[in-house]
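Participant: Structure provided below as C-alpha cells; questions to follow.
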Amino acid sequence: MEKVVLAFSGGLDTSVCVKLLQEKYNMEVITACVDVGQPEDEIKKPEAAAQKIGSDKHYTIDAKDEFAKEYAFRCIKTNSLYEGYPLSTAYARPLIAKKIVEIAKKENASTIAHGCTGKGNDQFRFEATIRSESDLDIVAPVRDYNLTRTEEQDYAREHGIPLPSEKIYSIDENLWGRSIEGGLLENPATAAPEEIYEWTKSTVDAPETPQIVKIEFVNGEPVKINDEELEPVALIRKANEIAGNNGIGRIDMVEDRIIGLKSRENYETPGAILLITAHAALEKLIFSREEIKFAENLSQKYAELVYNGLWNEPLREDLDVVNDHMQQRVTGTVEVRLHKGSMKVITKESPYALYNEENVSFEDKGIDQREMIGMVKYYDLQGAEYSKVKRE
C-alpha cells in the first residue's frame, strides 16, 4: 500500500481527508503538524485527533526557530506588506510544505496531501513549494471531490470522525500573526466585533499612558527590545505583547486573492507592524534616495511573490541577495511611541546614517548657499522649455 503524508491541523477539512485518503485513495495515511508558533493546544490536539480518526502515524515538527529567523525576519528586512498586510499566513506556508516534503522522503511516501479548498490561496502556496522540493504526487481530497462544508460534516458523521467544536470564525494563527475570517465577517458592511481579537487591546482598553519602545537592529534584523537581547522567537513574542497591549496591529481589509476573488480579512499582527515600521524608519536614515526608491519597489515585488506562493521563484532569491547586501548597513536604534492604537517613530540613530546635521543646520555654514545659484537656475529645464512651447 502506498503512503501519503497529510499536512494535518485537526480541523474539519484535514480530519475528513484522513478517511477520504484511506477509503477513496486506498493509501496508508501519515499525518504531520508543523509548529510555526500556533497556540500550544493547536499542537497537542492534532496528535490526539489523528489517533482517534485512524492515522497510521503522526509527526509533530517544531519549526518555530526556523520560521522566525528565515521567514519572519525576511519580512522585516524587506518591509514586505501585501496591500498593507505583513503576510503572516503566506510566509508560513512554504516552510510547512518544505517540512511535509522532508517527512514524505523519510517515510518513502509517494504522495503528499493537503486539506485546502479550491477557493483559497493556500492550494497554490503548498503545491508550488511541494513541486519545487520534490517529484511527489499531490492530492487535495476536499478540492478533488468538490466538497461543501455541509457535505464534509455529513461525511464525518457517517464515518465516525469526531467533529471539531463548531467555530463561528476560521482562524489561522502563528508566531507572526492571526488571521480571522468567515461568519459575519464575510459581509464587509458589518463591523468586526471585539470578540474576534485576542492579541490586541481596543483603543478604549489600551493604557492611558504612552509607551516608548526601543528597538535595536543589526544588519537589518532586530536583536534587542528595550535593551534586552532576545532570540528571534522570543523577540517576536515580546513585540507582539508590547504592541498588542497598546492597540497596535489590527487590520480589517478586503484582500485580492490569487484567483481574483475579493475576500474580507481581519488580521492581528502587532509585533510585525511595530518591527517593520521601526526597520523602515531606520532605512530612511541610512539609505540614499535612490536606494530608498529601489527598496520600496523591492518590498512590493517581494510581497507579491510571497503572497502568490512563489517562494522558490528565482527572482525571490535574487532579491534576497540584493537585500542582504543593502541590509549590511541597516544597524542602529529606533524608538517608537505607542499610544492607544497610534504609533510614531520618535528617534533613530545609526553609525551608517547619511544624515549630516552640520549641512542641514540653519545656523551652520557647512554648505555655502551661494553655490546653489547656478544649480537652481537650470533646475527643471525641461519643464521650462515645455511651458515655453505651450505659450508659443
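Note that Cβ sites are derived from N, Cα and C of the backbone, with glycine treated the same way.
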Participant: Which of these, E133, E186, E255, does Swiss-Prot say binds L-citrulline at the same site as Y85, N121, R125, S170, S179, Y267?
Facilitator: E255
Participant: Say Swiss-Prot lists A7, F8, S9, G10, G11, L12, D13, T14, S15 as binding ATP: which of G115, G118, G120 is in the same site, per that record?
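Facilitator: Record check against Swiss-Prot: ATP site with A7, F8, S9, G10, G11, L12, D13, T14, S15, extra candidate from G115, G118, G120 is G115.
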Participant: Highest Cβ count within 10 Å among the binding-site residues Y85, Y267: which residue is it?
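Facilitator: Result of the Cβ crowding comparison: Y267.
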Participant: Other residues with Cβ within 8 Å of the Cβ centroid of A7, F8, S9, G10, G11, L12, D13, T14, S15, G115 at the ATP site?
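Facilitator: The answer, listed by sequence position, is V16, C17, P46.
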Participant: What is the number of other Cβ atoms found within 10 Å of the Cβ of N121 (L-citrulline binding site)?
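Facilitator: Excluding its own Cβ, N121 (L-citrulline binding site) sees 20 Cβ atoms within 10 Å.
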Participant: Around the L-aspartate site formed by T117, N121, D122, which additional residues qualify by having Cβ within 8 Å of the site's Cβ center?
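Facilitator: Going along the sequence, the neighbours appear as C116, K119, G120, Q123, F124, R125.
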Participant: What is the nearest of the binding-site residues N121, D122, R125 to G11 (ATP binding site), using the Cα of each?
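Facilitator: For G11 (ATP binding site), the closest Cα among N121, D122, R125 is found at D122.
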Participant: Between S9 (ATP binding site) and S170 (L-citrulline binding site), find the distance joining the two CA atoms and give it rounded to the nearest Å.
Facilitator: 13
Participant: Under DSSP, is S9 (ATP binding site) part of a helix or a strand, or is it coil?
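Facilitator: SS state of S9 (ATP binding site) = coil.
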